[in-house]
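Report on the following structure.
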Amino acid sequence: MSASDVSPTAPGSDVLDSPMQGVWPPTPAMLASPVDPDLSRAQAKRLRKAWETPRGWRHVTAVNNTHVGKWYAMTALAFMLGAGVLALLMRIQLAVPENGFLDSDRFNQFFTMHGSAMMFLFAVPMFEAISILLLPALLGTRDMPFPRLSAYGYWCFLIGGIFVLGSVLFDAAPSSGWFMYPPLATESEGIGADIWLLGLSFIEVASIAAAVELIVGVIKCRPPGMRINLMPLYAWYVLVVGGMILFAFPPLIAGDFLFELQRSLDWPFFDPDRGGDPLLWQHLFWIFGHPEVYIIFLPSIAIAAMVVPTAARVPIAGYSWIVLSAVGTGFLSFGLWVHHMFTTGLPALSLGFFSAASEAVVIPTGVQIFAFLATLMVGRARMILPMLWIAGAVAIFTAGGLTGVMVALAPFDWQVHDTYFIVAHLHYTLFGGMVFPVIGGVYYFFPVIKKKKLSERLGRWSFWLCFTGFNICFLPMHLTGLLGMPRRVYTYQADLGWNALNLVSTVGAFVLALGILVFVWDLVRPKRHEPHTPRNPWGAGTLEWTHDVPDEPWGVRSVPYITSRYPLWDQPELLARMDAGRFYLPDAPEGLRETMITSAVDAVPLHVARLSGPGWSPLVAALFTGGAFILPTFKIYTPAVICGLLAIAAILFWLWTATARIPEKPFKDGGLGLRLPTYVSGPKAPGWWAVFITMLGDATGFASLVFGMFFYWTARPDFPPPDSPHADPVLSGIAALLFGAAWAATRLARGLNAAGLIGAARGSLLAGPLLALAGCGALIAAILHLAPQTHVYPAMVWALVIWTVSHVLCGAIMQGYCLARSLAGRMTAQYDADLWNTTLFWHFLLATCLIGTAMVALIPRAM
Amino acid sequence: MAQRHRSLWHMIIAPVIWALHFLAVYCFSAIVCAKAAPFGWAQGGVLAMTAVALALIFWQAVLAWRQWDFLDDGDHVHERPTATSRREFLGHAGLLLAIVSFIAVTFVTLPVLFVGDCR
Ligand code: HEM
């Protein structure tokens, strides 16, 4: 492979000029020719060896998606049960008036923790867990593109979740509600709010990591031939939801960042006395919060989109329409944010925009439901158990949607705002849109996951208990709300007419809980003595049902060539050929874990990726990252910094040893007469895409801070204060120039390196970090005279500078990393993926730096 | 044109226009109202932005309609493993998204017409 092979290609211009050699697409004769059984057995043995899972206590180093996904899902389920116990305790307290079971502070902690845990520790992670677990199977691929990243994300989630949820046991939990409105939360005593902010930021970072991985998985890891119009609908939803996580979470992280600065350093972002404004938090929270509702509920539609065609035994009706509605909802849901702030006194005009957007989102949502109904009507539908759960979900969700339309009409909202009507609406949407479909999905996919079936009888018991219990619990709450009972009260007086309704709700809650327990028992009860499931028990048509029974570690025996949306229905020889190793990558002669990377739109084979295997580094990195986030809640700063540095070291070690390894040969035989490169860099490489996508999210976080600056300018007449000093213009200008030079050094290094001028490239990579650090120094010097505690304006300037400088430090580390790789011979003129990724990072960083310095030094002068 | 036929990005141009329009309208009217300029400015500016956005989306819809090529073969399922099927699928989905975006942009503009001032 020569350097010119890796010519830059804009993202989206699908790489069709791939340097693969040989036959594409495979001819029918090639596909039909049998594989020698002895050869096939020998291949299978080598493959099994390469994918072997570590045993014993080393099992925790496993990174395979089937293991990490299982742990992830079970952990999210455990957190859900924990949050459910809190809900039951609350219901006991509310069962009778003037009850003394919980005091007011406990109750506040409980509802805050219940809401936060359900949203952040269950709903979103559950989607990611199930997707990590199933996506490779749905796509007929071996594993996720970055197995160690999934493992890292999982360990972060586990540590952060235990920390956040555990605080409830020590009476130290946050208590200001799951959206933490200031000033309540900025001034609250104790460490509860810090636990919320830091613990959940930590988990959000892990969520974003998983989203990046899932997006890259869908775009680059589809089996050869699976063009974008053949992709299973679930994958479309993963793409959309991943994208939404990418744009919705960063504003919240930016908000957390400001919030924590206020709590620990007393910078007045939300303090009106010093120019701040609590509304900024509400904006940032709900820019996240409303898409969040759809982030939670789209994956369930995705599950339904897999179950419905199987139940109806016909292909889904209106594939393009469903794609439309998924993508459309993904976009429009971002227009809904102020919807939640109807009663906060925003100008009527901007409220109008959001009311309008709330209504527009109904169109795509309706389309999805109609497509499913159409499919069921065309086919010969069977009420298989998963379908029962989906049907229940649709019933509940529709009811929730109707009350939602009522809430979206601004005048009605003033009536029921903050009453139990909202609590009822919220749970109808969440149970119908998330809990029921997910349980249905578990019943459906369980044979793929465990190679056993769940019990039909227990499943039906569980369904009916949940369904009736749910309605007994939450239906009366609409009425309780209309009768005026406010949410978030720990008790009420006996003479308000709410007694009977509340008692009924409590009884319903326990019936519901019993139903959930039946399901959980079914899930975890030992099944050792039960027979294995048939391979395709539901008669489905998609690739996950080519799984091996009993279990094999390799994902798929060979990566198939796909020509249909329902390969198992339309490609009759597919299964036998996959098993025989007729398709791609049937062997692991080098003993390495490999998977196929294909082009984004047409799934043309591009590259054989070597995946990272089991290792300690993700676990160690997660432990130290946890320390860096968790210790500051207890105001322990020095060890936190040390943890942060160790986390960086662990991540560098992991990257150094396990990524962009120079292959032993540039091309290898991929099967079916195809020779593929074993190393690619730039836009052909999954790693490049991961950086690109991560940086989109990062840019969103930065944009949120910039938004904050403009927000204060429009919301406050005295921003920036007329007599306030500004950043030093000369020093800021110098900083901008230095950052520009550091960027140029990186870009230049890539060109020089590719041209074989290794020495010059190294010089450039040495100059880069020095210039970058000098730039940081100049930028900090430019604002050193501003006192962030006095007013929100200097505080905002400082926040922007902290953000910029910390990113530049990352950029400098990456430059140094490339230099070290080059010196160690792990990066050469040909094998330069690290440098490509670093340059991409710096492209984004340059924009951050220039906008950042302009926001600090130029714009405020013009305001 | 060939580029468009195999690009996911082109499929989502219309909703991206919606998003940009939404942001522009929201920021613009917030600024006009906060800085106490006459409300007519807000109305005029928003309507102008809407006109531009709608024109762009309409143009995207036309391109997508041509790419879909429905009248040619009446195909609206696009389930075949061919470049044509993929091209038509991306066109079809792009067209539907353009329609939804068109409606959404209109919805977002309506309040400006009905609300008389910033309040
Ligand atoms: C066993 C089932 C459940 C019961 C009995 C239940 C009950 C409750 C109760 C009593 C409240 C507090 C209302 C108040 O005092 O204002 C509440 C709030 C809430 N619940 Fe649930 N819930 C259940 C399941 C769920 C699930 C599965 C989710 C999400 C996936 C969820 C999300 C929420 C949220 C976000 C809040 C708002 C918290 C806040 O006000 O800050 N709940 N729930």
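Yeah, the Cβs are placed from backbone N, Cα and C, and that goes for glycine too.
Any TrEMBL annotation is an automated prediction that lacks curation.
Taken from TrEMBL, the feature domain 'Cytochrome oxidase subunit I profile' applies to A:45-575.
Listed by sequence, the residues of this chain that lie at least six past the ends of the transmembrane segment (A:71-96) yet keep a Cβ under 8 A from its Cβ atoms are 102, 107, 110-111, 113-114, 117-118, 121-122, 125-126, 128-130, 132-133, 150, 154, 157-158, 161, 165, 168, 473, 490-492, 499, 502-503, 505-506, 509-510, 513, 516, 520, 523. According to TrEMBL, the transmembrane segment annotation covers A:71-96 (among others).
Per TrEMBL, the feature transmembrane segment maps to A:116-139 (among others).
Note on the transmembrane segment (A:151-175): residues 62-63, 68, 71-72, 75-76, 79, 82-83, 86, 105-106, 108-110, 112-113, 116-117, 120-121, 125, 128, 185, 188, 190-193, 195-196, 199-200, 202-203, 205-207, 209-210, 213, 618-619, 621-623, 625-626, 629-630 of its chain, located 6 or more positions outside it, place their CB under 8 angstroms from a CB of the stretch. What TrEMBL records for A:151-175 (among others) is transmembrane segment.
Taken from TrEMBL, the feature transmembrane segment covers A:195-219 (among others).
Sequence-distant neighbours of the transmembrane segment (A:231-253) (same chain, 6+ residues past either end, Cβ-Cβ under 8 Å): 124, 127, 131, 134-135, 138-139, 201, 204-205, 207-208, 211-212, 214-215, 217-219, 222, 284-285, 287-288, 291-292, 294-295, 298-299, 301-303, 305-306, 316, 319, 322-323, 326-327, 329-330, 333-334, 542-543, 565, 693, 696-698, 700-701, 704, 707. Residues annotated as transmembrane segment in TrEMBL: A:231-253 (among others).
Annotation comment: TrEMBL describes A:319-339 (among others) as transmembrane segment.
Residues 66, 70, 118, 123, 126, 130, 133-134, 137, 293, 296-297, 299-301, 303-304, 306-307, 310, 384-390, 392-400, 459, 462, 466, 470, 474, 519, 523, 533, 537-538, 544-545, 547, 549 of the same chain sit 6 or more residues outside the transmembrane segment (A:430-449) yet have a Cβ under 8 Å from a Cβ within it. Residues annotated as transmembrane segment in TrEMBL: A:430-449 (among others).
The transmembrane segment annotation in TrEMBL covers A:636-656 (among others).
Under the heading transmembrane segment, TrEMBL lists A:688-715 (among others).
Marked as transmembrane segment by TrEMBL: A:727-745 (among others).
Within its own chain, the transmembrane segment (A:765-784) has Cβ neighbours under 8 Å at 727-732, 734-739, 741-742, 745-746, 749, 794, 797-798, 801, 804-805, 808-809, 811-813, 815-816, 818-819, 822, 849, 852-853, 856-857, counting only residues six or more beyond its boundaries. TrEMBL lists A:765-784 (among others) with the feature transmembrane segment.
Listed as Cβ neighbours of the transmembrane segment (A:796-820) (distance under 8 Å, sequence separation of 6 or more from its ends, same chain) are residues 257-258, 261, 267, 269, 648, 652, 655-656, 698, 701-702, 705-706, 708-709, 712, 727, 739, 742, 745-746, 749, 762, 765-766, 768-769, 772-773, 775-776, 779-780, 783, 786, 788, 827, 834-835, 837-838, 841-842, 845, 848-849, 852-853, 855-856, 860. Annotated transmembrane segment per TrEMBL: A:796-820 (among others), in sequence order.
A Cβ distance under 8 Å defines the sequence-distant neighbours of the transmembrane segment (A:727-745), meaning residues of its chain 6+ beyond its ends; these are 764-765, 767-769, 771-772, 774-776, 778-779, 781-783, 785-786, 797, 808, 811-812, 815, 842-843, 845-846, 849-850, 853-854, 856-858, 860. Beyond the ends of the transmembrane segment (A:116-139), by six or more residues, the same chain brings 65-66, 68-70, 72-73, 75-77, 79-80, 82-83, 86, 150, 153, 157, 161, 164-165, 174, 178, 196, 200, 203-204, 207, 210-211, 213-214, 217-218, 221-223, 226, 232, 234-235, 238, 241, 245, 292, 295-296, 299, 303, 430, 434, 438, 441, 445, 448-449, 542-544, 547, 555-556 to within a C-beta distance below 8 angstroms of the stretch. Residues 112, 116, 120-121, 124-125, 128, 131-132, 135-136, 139, 141, 144-146, 149-150, 152-154, 156-157, 159-161, 163-164, 167, 172-174, 180, 185, 231, 235, 238-239, 241-243, 245-246, 249-250, 252-253, 256-257, 259-260, 263, 600, 625-626, 629-630, 632-633, 686, 689-690, 693-694, 697 of the same chain lie 6+ residues outside the transmembrane segment (A:195-219) yet bring a C-beta within less than 8 angstroms of a C-beta in it. Sequence-distant contacts of the transmembrane segment (A:636-656) (same chain, at least 6 residues past either end, Cβ-Cβ under 8 Å): 148, 615, 617-618, 620-621, 624-628, 813, 817, 821, 826.
For the domain 'Cytochrome oxidase subunit I profile' (A:45-575), the model's pLDDT averages out at 88.
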